[in-house]
Amino acid sequence: MATFKVTLINEAEGTKHEIEVPDDEYILDAAEEQGYDLPFSCRAGACSTCAGKLVSGTVDQSDQSFLDDDQIEAGYVLTCVAYPTSDVVIQTHKEEDLY
């Protein structure tokens with residue numbers, strides 16, 4: 001099992017946190033376990049509350065059912081169902097940017 005460095009950036013609050021996330025754990029779950037409060041609602045990849053934008057790196061979010069292909073190509077991720085597949089940098093709190 002690999003572990004990756006996930007950097008979570010909240011531009012609105014000016015915060016940046018680095019966490020370690022195993023490749024078999026969702027980013028949202030790992031962030032909560034490490035004391036970081038990210039937005040969420042359904043925890044099933046079926047809404048956009050936890051949306052973030054990938055700045056760099058790759059994730060597996062094949063469990064999600066909300067984002068369309070254009071949004072995924074634009075770099076949007078649902079942290080509740082995203083596994084890191086490399087070190088990643090994600091801008092959090094991006095739900096409003098989807099619309």
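Glycine is treated like the rest: Cβ placed from N, Cα and C.
All chains included, 25 other C-beta atoms sit within 10 angstroms of the C-beta of CYS80 ([2Fe-2S] cluster binding site). The [2Fe-2S] cluster binding site feature in Swiss-Prot is assigned to CYS42, CYS47, CYS50, CYS80.
For 4-96, the entry in Swiss-Prot reads domain '2Fe-2S ferredoxin-type', with the evidence type sequence analysis.
Those residues of the chain, other than CYS42, CYS47, CYS50, CYS80, with a C-beta within 8 angstroms of the mean position of the [2Fe-2S] cluster site C-beta atoms are LEU28, PHE40, SER41, ARG43, ALA44, GLY45, ALA46, SER48, THR49, PHE66, LEU78, VAL81. There are 14 other CB atoms within 10 A of the CB of CYS42 ([2Fe-2S] cluster binding site), with all protein chains counted.
Ranked by Cβ neighbours within 10 A across all protein chains shown, the binding-site residues CYS47, CYS50 are led by CYS50. Per-residue confidence over the domain '2Fe-2S ferredoxin-type' (4-96) averages out at a pLDDT of 97.
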